[in-house]
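Chemist: My structure is below; once you've seen it, I'll send some questions.
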Amino acid sequence: MLQSTVSNPHLVVSRKSAATQFEPTFARKMLPCFDEPNFKATFQVSIIRNPHHIARSNMNLLFSKEHKNGLIKDEFEKSVKMSTYLLAVAVLDGYGYLKRLTRNTTKPIEVRLYAPEDMLQGQSEFGLDTTIRALEFFEHYFNISYPLDKIDLLALDDFSEGAMENWGLVTFRDSALLFNERKASVVAKEHIALIICHEIAHQWFGNLVTMDWWNEVFLNEGFANYMEYKCVDELFPDWSIMSRFYAENLAFSQEPDGMLSSRAIESDDDDSLLNLFDAINYHKAAAIIHMIAEMAGQKNFQSALIEYLNKYAYDNAIGVDLWKIVEKVFGVIQQKFNNYFQHANLQGAVSIPDLAKAYTTQVGYPLVTVERSDNGILIHNQTRFLFAEGEKAEEKRGDWKWPIPISYRASDEKKMKLHWIQKDDKNVTWETTSNDWLILNTGGVGYFKVLYDAETYAKLIKELNNNHSVMTISPIDRSMILVDSYDLSKTSLLNISTYFDLLEYMEKETDKMTWSIVGKQLRTIESLIEDSDYVDYFQDFQRNLIMKLYESLDWDEQGATPNQKRLQLDAFYSSGLSRTFPGSSIASQLLQVDVFGVACRLRIKDCTKQAYQRYLKWVSSGVRNPEHHMIALIEGVKQGGTTAWERIWKAYKSANSPSEKNNIIGALTSTKDTALINRILKYCLDGKIKPNLIPRVFSYFALNQGTRNTVWKYFKSHFEEFHKILGKGSLMSSCVKCLAEPLSTESELEELKEFLKSQKFEEDGQIKMEMTYEQIELNIQWRRLNEAQLGKWINRWDERRRTLYRRKRHRHHHHHRPF
């Protein structure tokens with residue numbers, strides 16, 4: 001039972017509300033029950049409350065009647081048959097609601113959004129509208145009616161989860177539901193749409209059909225994660241959300257899954273159920289489901305899901321039940337491949353249950369090594385990819401093998417081909433007509449990494465640099481080449497200079513996702529070399545990469561007409577840059593946010609000037625552009641010092657938009673001033689900043705280089721107080737993780753372990769700490785392998801740049817010499 005507090009400047013006394021969060025095993029703390037997902041039952045709920053409270057549960061209210069002592073008793077309809085973890089009740093004080101009805105569902109469904117009264121108007125419309133459209137989409141997609149008459153969406157400001165799919169009463173952290181068009185950015189809008197679609201997908205996947213036990217929670221979470229993208233893509237086609245699926249699911253999960261501390265999707269660990277709600281069960285599982293859906297064909301896959309949901313409705317299922325239906329629906333795999341691909345070499349029968357089993361019951365993923373030979377392409381035997389090296393890694397690597405569907409494209413072939421490597425294949429040769437560049441796993445669908453030989457890397461580097469304007473390599477493939485080469489360069493398998501040679505083409509890149517990935521990679525590298533003697537040159541290199549793109553973007557672009565935009569971009573295109581400049585304003589705005597953020601971080605003069613002007617405009621008139629507001633506030637703190645910080649903190653206290661609070665936390669934590677750093681940390685302890693936002697404070701501090709020692713010192717000296725507020729689970733360990741993950745020396749690691757030795761974390765927190773220690777060891781490994789190598793590469797780059805500059809100056813003077 002969670003408490004949520006409504007407090008605003010107009011209230012004399014803050015008001016307390018309560019709501020339940022039973023997943024995975026907390027229903028037993030509130031009522032006696034067989035609290036396991038496969039004990040499904042119907043529930044009859046009644047709630048006794050004060051007259052001024054509102055009570056809600058999964059089902060509609062049957063009647064209210066007067067109870068003794070002036071209290072009211074609410075009786076709710078008997079629920080559908082469901083698992084205990086989906087039961088929910090809420091008692092609200094200071095809340096109001098808006099309601100709408102769906103139109104394109106089998107029967108009208110009443111959708112209500114409950115939020116604190118002062119947050120309801122102007123922030124509820126987007127959440128209501130997206131929920132209605134998502135219900136309509138899923139009814140149509142699954143061909144099964146939503147079984148209840150209503151669904152409530154409840155915004156809670158102290159909720160530490162993102163959201164919870166209780167059947168008919170979905171709870172959200174307020175920032176995951178409420179959206180203010182005037183104050184919140186497109187990034188926030190997209191985040192909210194994905195979370196709502198995720199929770200609505202659960203009403204079928206999870207609520208109607210539930211995994212038999214928690215070891216297969218991916219049947220809930222992996223599917224909801226996969227379906228949220230399908231749904232958002234349908235509701236907001238101009239967002240091109242599927243183009244980001246690779247980066248946000250496959251690439252995102254391969255990082256923790258390449259660590260020694262990773263685990264298989266299917267886990268039998270009874271003790272740490274909370275740890276099952278992680279990147280492996282959400283993002284890796286979604287990536288595996290996407291791979292299987294692509295192999296089976298999307299229409300076949302949809303038919304299989306419909307059959308699965310009908311067969312197991314109001315019941316439980318195991319993974320094999322689903323995979324068998326998928327296999328049955330699309331029949332003989334050979335025929336399907338010959339229809340979809342130019343050439344399919346299946347080398348024996350392949351079964352979907354076997355494919356699914358390999359990726360859900362084995363930990364990690366394969367690395368495929370590629371060489372060019374006289375006969376074509378030589379694929380070496382696969383091995384489990386791990387970031388760590390040494391004895392421990394070799395023990396962990398094991399001899400796991402995977403069947404691997406490999407789609408690939410050679411330079412002179414328009415259509416991709418598909419080969420299927422069986423798990424026992426050691427070396428396989430494929431013939432290819434091309435002797436030029438080659439990309440394996442084109443489209444980024446297969447869950448594996450690729451290591452090419454030096455010759456293929458050289459050809460890819462040449463292609464990216466020379467032919468970028470005609471876009472021979474797709475944005476997803478460009479992202480994937482950079483993700484794989486960056487990850488491989490953390491090991492001794494690939495020299496970091498290859499990654500940086502590939503990276504040089506980025507000065508011509510205009511794809512949002514690729515920039516988002518590279519921005520994070522460069523920021524991580526910069527934090528690892530912040531004490532080196534070439535860090536200034538490294539910043540020059542980053543400025544050089546982003547400069548052309550920065551200059552092509554307009555801070556006030558939203559005001560421009562399509563015609564003006566086209567004129568602004570003509571010069572951009574004619575300079576030989578890529579023609580994939582985002583066509584939709586959404587993609588354009590998302591790119592701007594990333595690029596302006598990086599440019600200001602690198603202190604590009606025009607960027608810091610533009611951002612500071614927008615800060616001053618906000619101070620004088622309250623006018624803001626939601627897309628750039630956080631960048632403007634950060635610049636305000638950087639240039640305006642304590643006065644600006646105080647002004648922004650004052651705005652935090654009166655902010656009623658969750659997105660606005662997030663922007664302000666990002667700004668307040670960007671200071672380098674020790675007194676101000678200590679102040680915001682003190683505000684975390686004295687309740688001025690809510691406990692569920694404290695990990696966000698630390699994650700923003702982690703991005704502010706040079707403040708780590710100050711923050712860590714304060715955190716250590718107030719450790720017990722933070723412990724008391726955050727508990728001993730994942731909230732507390734998230735804060736430690738944010739502070740500790742950038743550490744990169746043996747002595748820092750020892751000091752951290754020594755300090756934490758006496759601190760006891762609950763199991764989910766302890767696992768996070770083990771992962772943090774491993775990350776620090778990988779940082780140490782990175783510095784050993786790459787710090788000196790990168791220094792040499794940057795110096796060579798700087799020398800080339802200076803030579804080019806001298807030549808340009810020489811040509812310039814020569815050109816203007818009078819006859």
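Even glycines carry a Cβ here, placed using N, Cα and C.
What TrEMBL lists as domain 'Aminopeptidase N-like N-terminal' is 16-86. As annotated by TrEMBL, domain 'Peptidase M1 membrane alanine aminopeptidase' applies to 126-331. TrEMBL lists H198, H202, E221 with the feature Zn(2+) binding site. Per TrEMBL, the feature active site, proton acceptor maps to E199. Sequence annotations record features per position, and here TrEMBL assigns site 'Transition state stabilizer' to Y282. Marked as domain 'ERAP1-like C-terminal' by TrEMBL: 437-760.
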Chemist: Taking only same-chain residues 6+ apart in sequence, whose CB is under 8 Å from that of Y282 (site 'Transition state stabilizer'), what do you get?
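Modeler: Sequence-distant Cβ neighbours: E221, G222, N225, S253.
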Chemist: Which residue counts does DSSP give the domain 'Aminopeptidase N-like N-terminal' (16-86) for helix, strand and coil?
Modeler: 9 helix, 25 strand, 37 coil
Chemist: Given a separation of at least six residues and a C-beta threshold under 8 Å, show me what packs close to H202 (Zn(2+) binding site) in the same chain.
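Modeler: For H202 (Zn(2+) binding site), the qualifying residues are E165, N220, A224.
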Chemist: Going by DSSP, is E199 (active site, proton acceptor) sitting in a helix, a strand, or coil?
Modeler: helix
Chemist: What number of additional C-beta atoms lies within 10 angstroms of the C-beta atom of E221 (Zn(2+) binding site)?
Modeler: 25
Chemist: Please list, in sequence order, the residues in the chain of E199 (active site, proton acceptor) that are at least six apart in sequence and whose C-beta is under 8 Å away from its C-beta.
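Modeler: Expected: A163, M164, E165, V170, F172, A224.
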